[in-house]
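Input: a single structure, listed below in structure tokens.
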Amino acid sequence: MPRRLQLRSAGTKGPPGTIAAASEAASRPHALASGDSPASAKPLLRWDEVPDDFVECFILSGYRRLPCTAQECLASVLKPTNETLNFWTHFIPLLLFLSKFCRLFFLSGRDVPFHHPWLLPLWCYASGVLLTFAMSCTAHVFSCLSLRLRAAFFYLDYASISYYGFGSTVAYYYYLLPGLSLLDARVMTPYVQQRLGWHVDCTGLIAAYRALVLPVAFVLAVACTVACCKSRTDWCSYPFALRTFVFIMPLSMACPIMLESWLFDLRGENPTLFVHFYRRYFWLVVAAFFNVSKIPERIQPGLFDIIGHSHQLFHIFTFLSIYDQVYYVEEGLRQFLKEPPDAPTFLGTVGYMLLLVVCLGLVIKKFLSNAEFCSKK
């Protein structure tokens with residue numbers, strides 16, 4: 001059950017505010033006083049009129065009435081609340097990517113049917129992208145149903161990001177990494193001998209990397225979900241910084257592409273991958289900056305409550321980063337289909353994803369059973 005709404009004094013947890021503002025809020029009648037009907041409650045609340053678990057840093061107004069019904073949550077996407085643009089900045093990209101993947105699978109004009117094993121990694125990747133945006137929209141729309149459901153939705157949101165990260169690694173593994181000189185022992189062995197003077201056969205090292213990259217990415221996906229779920233409890237003082245850091249960790253699976261650009265002429269050999277890869281990481285750095293710094297609302301609390309606060313900017317730049325990623329994954333698929341190696345297996349692609357879903361589900365169930373729903377979002 002959600003906590004009963006209580007007005008708080010200026011000394012309690014919440015966004016920075018003045019004593020006068022808190023006193024004014026305390027003098028107002030309770031929004032959900034006994035006998036009031038839901039229709040008579042004012043549509044938007046201030047930070048001092050909602051439970052601490054729902055308060056966002058430096059966001060002073062625009063909070064929805066608690067608890068809302070599912071119908072009220074859906075209706076709120078057309079009203080000016082502090083969650084409205086959080087929804088639309090991921091719902092519109094969701095529709096764009098859904099259209100994009102439908103064209104790739106069904107309208108691309110290739111001779112490869114949508115169910116061909118060559119496209120299994122693309123299915124894994126597409127499911128991750130679409131699930132991430134869909135779960136983000138769901139969490140932001142229905143986060144005011146109750147404390148327990150709020151926690152559950154955001155746990156699912158974190159799990160979907162981990163799922164997407166692993167799906168990206170699967171696509172990289174099959175479509176991008178085989179074309180890198182860095183992972184070709186016939187190229188790397190003489191390169192190391194000439195540049196470093198080391199007489200080392202790189203065959204074993206490269207084989208070990210290929211064998212470990214997916215299992216390591218799998219473990220990282222589960223570990224990141226655990227860390228982000230724990231960040232919603234009171235022990236974590238900097239939840240946004242922690243979540244940003246742990247979701248950067250799976251990106252390390254793309255290190256071979258970065259090393260390729262340093263050691264070889266990736267710009268000349270594959271300009272599409274080079275440009276979109278680095279532009280993607282620029283967008284990610286910008287997104288991380290806004291997510292951690294809480295700028296601009298930190299500078300002027302209350303001014304950006306509805307439009308322009310950091311979480312909306314974070315959504316926009318993460319969308320741009322994934323847009324660039326989709327572009328070079330599609331290019332990698334085209335190169336893969338020109339000279340496809342052995343076809344990806346069901347167990348090595350979809351099987352991994354299904355196992356990850358089970359593991360992430362167990363993680364979420366474990367955290368929900370602990371009944372710790374103190375949130376810093």
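Glycine residues also receive a Cβ, built from the backbone N, Cα and C atoms like all the rest.
TrEMBL annotations:
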type: REGION; residues: 1-20; note: region 'Disordered'
type: TRANSMEM; residues: 87-106; note: transmembrane segment
type: TRANSMEM; residues: 118-142; note: transmembrane segment
type: BINDING; residues: His140, His311, His315; note: Zn(2+) binding site
type: TRANSMEM; residues: 154-175; note: transmembrane segment
type: TRANSMEM; residues: 207-228; note: transmembrane segment
type: TRANSMEM; residues: 240-259; note: transmembrane segment
type: TRANSMEM; residues: 343-364; note: transmembrane segment
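Packing against the transmembrane segment (118-142) from elsewhere in the chain are residues 70, 73-74, 76-77, 83, 86-87, 90-91, 93-94, 97-98, 101, 104-105, 112, 149, 153-154, 156-157, 159-161, 163-168, 170-171, 173-175, 315, 322, 326, 329, 333, 336-337, 340, 343-346, 349-350, 352-353: each is 6 or more residues past its ends and has a CB under 8 Å from a CB in it. For His311 (Zn(2+) binding site), the same-chain residues that are 6 or more apart in sequence and have a Cβ closer than 8 Å to its Cβ are Glu56, Asn86, Phe290, Asn291. Counting same-chain residues at least six beyond the ends of the transmembrane segment (207-228), those with a Cβ under 8 angstroms from any Cβ of the stretch are 155, 158-159, 161-163, 165-166, 169-170, 173, 177, 183, 242-243, 246-247, 249-250, 252-253, 256, 348, 352, 355-356, 359-360, 363-364. Cβ atoms under 8 Å from those of the transmembrane segment (240-259) belong to residues 158, 161-162, 165-166, 168-169, 172, 176-177, 180, 182-183, 209, 213, 216-217, 220-221, 223-224, 227-228, 231, 266, 273, 277, 281, 284, 288, 291-292, 294, 376 of the same chain, restricted to positions at least 6 beyond its ends.
The most densely surrounded of the binding-site residues His140, His315 is His140 (count of other Cβ atoms within 10 A of its Cβ). Long-range contacts of the transmembrane segment (87-106) within its own chain (CB-CB distance under 8 A, at least 6 residues past either end) are made by residues 77, 114, 119, 122-123, 126, 129-130, 133-134, 136-137, 140-141, 312, 315-316, 319, 322-323, 326, 330, 333.
Apart from the site residues His140, His311, His315, the chain places the Cβ of Glu83, Leu85, Asn86, Phe87, Thr89, His90, Ser136, Gln312, Phe314 no farther than 8 Å from the centroid of the site's Cβ atoms, the recorded Zn(2+) location.
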